[in-house]
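Copied over from TrEMBL, here are the features:
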type: TRANSMEM; residues: 26-50; note: transmembrane segment
type: TRANSMEM; residues: 76-102; note: transmembrane segment
type: TRANSMEM; residues: 108-131; note: transmembrane segment
type: TRANSMEM; residues: 157-176; note: transmembrane segment
type: TRANSMEM; residues: 191-209; note: transmembrane segment
type: TRANSMEM; residues: 221-246; note: transmembrane segment
type: TRANSMEM; residues: 252-275; note: transmembrane segment
type: TRANSMEM; residues: 315-336; note: transmembrane segment
type: TRANSMEM; residues: 361-384; note: transmembrane segment
type: TRANSMEM; residues: 404-422; note: transmembrane segment
type: TRANSMEM; residues: 428-451; note: transmembrane segment
Amino acid sequence: MERGVGVPVDDMIQNMTAWLSGVNNWLYTWIMICALVGTGLYLTVCTRAVQLRHFSGMVRYLVQSRKGARGGISSFQAFAMGMSTRIGIGNITGIALAMILGGPGSLFWMWMVALVGMATAFSEATLAQIFKFRHSDGSFRGGPASYILNGLKSRKLAVVFASAMVFCMFIAMPMVQANTIAHVISSAHGIAPWVIGLIISGLTALVLFGGVRRVAQATEVIAPLMALFYLAVAFIIICLNIDAIPQFFADIFASAFGLRETFVGTGSAFVAALLNGTRRGLFSNEAGMGTAPNAAATATVDHPVQQGLIQGFGVFLDTVVICTATGFIVFATGVLDYTSVTAEDAAHITTDAITRTLGPWMAWPVSIMIFFFGFSSILGAYAYGEANLVFLKKSRPLELISRAILVVFSFIGSIMALTFVWTVMDTAMFVVTLLNLVAIWALAPWIVALLQDYERQDGANPVFRADQAISGELPSDVW
């Protein structure tokens, strides 16, 4: 009897997953890419290429950002929270996948996406700062839900955005990150997934029940250390294969414009490189997707543009630096054989490249790095989810329950197949991304006004004053 009931349910879930997956592929390929790239180009024009004119300021503020302007969460901690989800397992497996499907030329289009995406990341982080609000624990919260409500004056759209983010960040994201960690480590070392799941959920609980400040403190350490470790490994491999650098860049440019079809087999190499590079680049740096602004809003700064510049630099670091490093590792070590490799090989290609070059002993350090990349992404997801939960309803018991839910689903994710969860999460993220982009376009005059106010004070230590910077009315309970 139970079997008879279960089979139709399983079939229904499989059919729904297949249908949603097809819809998502079309939406992401033709609508999401155009919307994100178009927004980046529009904001680049509006801000007169802020990502180029103020690049040195991005670096300067990041170097000086370890201390909060007036206590609270520092700009660096907010930056680290944002990077905890930007820099993750996708930088390792996602780049390999892009090169499998689109050849080395995918990296060129990732760079182009990052260039315009820096303007988008700057804009959404600046908006998150100006429309942030103070939580009961004294720290700041905010993000797209807040600037949709207070900027667009649309509570309904803000509630839709926040609800979708709560689902993605408290349930779907922890599950998929834990699943990836468990799969990689179990495959490499034979450890049972449930054991890995217990470790993930236990460490997550230890951090989360300390609150968002504890999350900020943890990601402030984990995200930079893992990024530095990975870049150190990449630097060693670059030094060992330094003769391959000219050919690496030659192949990138040749493949990017379809001059070498052999990289991706049959079909158009140009289209393959363009679509896969653009898609991977967008999803790696998250510019415009409405996630990182939730971290940006928590920082205590003197001027909203300061955090905008720092978050803009995060896109550069994620895509131009780390993704390129991954691309070189895969290219120079010769693990990417286009005559036999498939998309399913993406999960282990980068790991194979590292161990082939530096020796089998690197298997454990790489596994630990992957663990903490995924773990920091789970912590970052909590910070994003909590910001949207607080927006929906300020309730201390509800916050504690949400932490318990995230911990439980981190364990569940490590031991189950997640095709359906991935698919539903993709659909929800499509909705929140479009809502975020609509808000950014509508609030572009605010972004321009804030940037102009900052530039009038540049060189002095800019301080934001609403009555001098903007012509619109700023709600009394924000900033």
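Placed from the backbone N, Cα and C atoms, the Cβ positions cover glycine too.
Bear in mind that the values here come from a model prediction, so they are computed numbers and not experimental data.
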Closest-packing stretch to the transmembrane segment (157-176), where packing means Cβ pairs under 8 Å, from 221-246, 315-336, 404-422, 428-451: 404-422
The transmembrane segment (76-102) in contact with the transmembrane segment (428-451), cutoff 8 A, at least 3 CB pairs, sep 6+: no
Beyond the flanks of the transmembrane segment (26-50) by at least 6 residues, Cβ under 8 Å: 113, 115-120, 122-123, 275, 278-279, 282, 287-289, 309, 312, 426, 430, 433-434, 437, 440-441, 444, 447-448, 451
Close approaches to the transmembrane segment (221-246) from elsewhere in its chain (Cβ under 8 angstroms; 6 or more beyond its ends): 80-81, 83-84, 87, 91, 317, 321-322, 325-326, 328-329, 331-333, 353-354, 357-358, 362, 365-366, 369, 372-373, 375-376, 379
Contact yes or no, the transmembrane segment (191-209) and the transmembrane segment (404-422), 3+ Cβ pairs under 8 Å, gap 6+: yes
Beyond the flanks of the transmembrane segment (428-451) by at least 6 residues, Cβ under 8 Å: 24, 27-28, 31-32, 35-36, 39, 42-43, 46-47, 50, 120, 123-124, 126-127, 130, 144, 147-148, 151-152, 157, 160-161, 164-165, 167-168, 172, 288-290, 293, 303-305, 308, 464, 469-472
